[in-house]
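I have placed the structure first, in the form of C-alpha cells, so that the comments after it can refer back to it.
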Amino acid sequence: MQGPYCCLLLLLCLLPLLATGLEDPREPLPLPFSTSDPTAHLLRGRPSAPVRPYSLSLSPEDYRYAPKPRHLRPGRLRRLLGPAFDPFWMSSEEPLGRNLSAKEDLETMSRELAEGSGRYRRKLWREVEGMELPPELPVDMVRSLRRWLVERALCRLTSTWVDLGPVFWPRWVRHTACGTDPPSCSWPPGMACRPAQLTHLKLLAWHCWAARPPGPPQCAWRQIPYPVVVACKCSCR
C-alpha cells in the first residue's frame, strides 16, 4: 500500500485511544495496626495513597511473626474469608501446571476479565467507526482497515501464580499483567499496553500488634484488599 493509503494508515494509528482511569475502590477497615507490619497501611481506615498492584513485600524477613499450624486450619480460614474466596484468583495449595498459566486464555476463565476486555473492544470499535475515511476507498478495504486498527490496539492479559508466603491466606494468588507480545500496540511503534482497570480481591493477612500494657504481641487474621489488574489499554504513558 503506497501513496495516500499509506499516509492514511499512519494517521489513523496515531489517533489517541480512549482511556479510563484506574478504579480505586476504598473500603474502610478500622483495625489496629503496627508500623512494623508491611500490611499495616492496608488496614488503615483511610489509606494515604492508592495501593499499587503487587507492591506488598514478599520477603519473610519483613514479617516478624508467622502463624502456627493451629492458625492454619483451612476450614476456619475459608469461613473467615467467606464469599470473597475466588478459585480463579487464589488457591490454598500450589496450582497444578502453574508455569503454563501465561498461555491460558484468561477471558474464557473469568467473567470479570471477559467483561473488561469486551468493554475496551467496544470502545475501540466506536472510535474507529467514527473516523471519516475517504469515500473512494472500497468497502472491503475500509472494513479490513478498521478491524486491523482494533486488533492492533487490543491489549491482552497474561498471568502467573505467585506464592505470597505463610502470612497470607490463600497464599497462592494469580498475578495478571499486560501482555508484551508484540512490544508495541501501535503503528508506528511507540505506544504500549498498560493497566487500565483494577479490582480488589479480599485476602487474609496474619496481623500482629503490641499488647497494652507491654506484653506478648496479639495476632489475628484480618481481611485486606489486594489489587489486581483486570484490563489493559494501549497508551503512550
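A Cβ is built for glycine as well, from the same backbone N, Cα and C atoms used for every other residue.
According to TrEMBL, the disulfide bond annotation covers Cys155-Cys193 (among others).
Per TrEMBL, disulfide bond is recorded for Cys178-Cys232 (among others).
Look at TrEMBL and you will find Cys185-Cys234 (among others) tagged as disulfide bond. The local packing around Cys234 (disulfide bond), expressed as other Cβ atoms within 10 Å of its Cβ over all shown chains, amounts to 23.
Per TrEMBL, disulfide bond is recorded for Cys208-Cys219 (among others). The Cβ of Cys208 (disulfide bond) has 22 neighbouring Cβ atoms from other residues within 10 Å, across all protein chains displayed.
The signal peptide annotation in TrEMBL covers 1-21.
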Sparsest-packed among the disulfide-bonded residues, when each Cβ's other Cβ atoms within 10 Å are tallied, from Cys155, Cys178, Cys193, Cys219, Cys232: Cys219
Subset of disulfide-bonded residues (Cys185, Cys193, Cys208, Cys219) lying within 10 A of Cys232 (disulfide bond), CA to CA, in sequence order: Cys193
